[in-house]
Amino acid sequence: MKGYERFLLLSSSPRRREILKMIGIPFRVYSSFSAMERIYETPLKTAVENAVSKILAGCEKQESEELALAADTIVVINNQILGKPKNREKARTFLKMLSGKKHTVITGFAVRLPSGKIIKGYEESGVVFRDLSEGEISWYLNTGEPFDKAGAYGIQGYGALLVKRIEGDFFNVMGLPIAKIYDILLDNNIDIKKMVGR
C-alpha cells in the first residue's frame, strides 16, 4: 500500500475541509485557480467531468507529492441541475421546487496522483424535503445560508430543518463522499488511513 503525507484539497468549500478535519486527515487548501465548468449530457457526467476540470486547473501550477483532491456537488430534480442560486429569488424558486419532493445529490470527485494519473468517481444520495411553507422559505432565505450552496440549501446547517430524510451517504450531501473516495483509493492500492494523525 502506497502512503502519502496529506491531501491537496482543490476547493474553497468549508464543508469539505470540515469532513477531512473530522476524520483527522491532513490537508492543505489551494483554491486560487479558475476551472471551466460545463453542463454535459447527463448530470452524472457533469459532476464528474467538472471535478476533473478542477483537478487539471488546480494542479497546473502545483508540483507536489500530495494526493490532489477535487469535487463537484450538484442537486438534481426532474433531470434539471440546480446550481448555486445567483440571487434571493432564484434561491426561493429552487426551494419551492424541492419542497415536498425527493431530489438527488451527486458529487463527482477526482484524485490526481503525483504520477499524473487521475482517479475519478461519484456518489449519489436521495434527499426528501418536508413540505415547506412560504414563511419557512423566507426564514431560511433570511439566514443567508442558501446562497453559496448547490440547490440553495446546506444539510449541515439551518437547512437540516428542511429535510425529511436522506437515502444514502450524508457526507455526500455535504459535499465530499469520503467513504467512496476511501474505497476507490483502496482499489488503487492507496490507504488514506495511513495519513490520519500525521
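Just so it is clear, glycine is given a Cβ too, placed from its N, Cα and C backbone atoms.
Summarising the annotation, TrEMBL assigns active site, proton acceptor to Asp72. The number of other CB atoms found within 10 A of the CB of Asp72 (active site, proton acceptor), across every protein chain shown, is 24. DSSP assigns Asp72 (active site, proton acceptor) to a strand in the three-state reduction.
Applying an 8 A CB threshold to same-chain residues 6+ apart, the list for Arg15 (site 'Important for substrate specificity') reads Gly154, Gln156, Met174, Gly175, Leu176. Here TrEMBL flags Arg15 (among others) as site 'Important for substrate specificity'.
Per TrEMBL, the feature site 'Important for substrate specificity' maps to Thr73 (among others).
In three-state terms derived from DSSP, Gln156 (site 'Important for substrate specificity') belongs to neither a helical nor a strand segment and is classed as coil. With a 10 A radius on its CB, Gln156 (site 'Important for substrate specificity') counts 17 other CB atoms from all the protein chains. If you look up TrEMBL, you'll see Gln156 (among others) marked as site 'Important for substrate specificity'.
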Number of Cβ atoms other than its own within 10 Å, given for Thr73 (site 'Important for substrate specificity'): 26
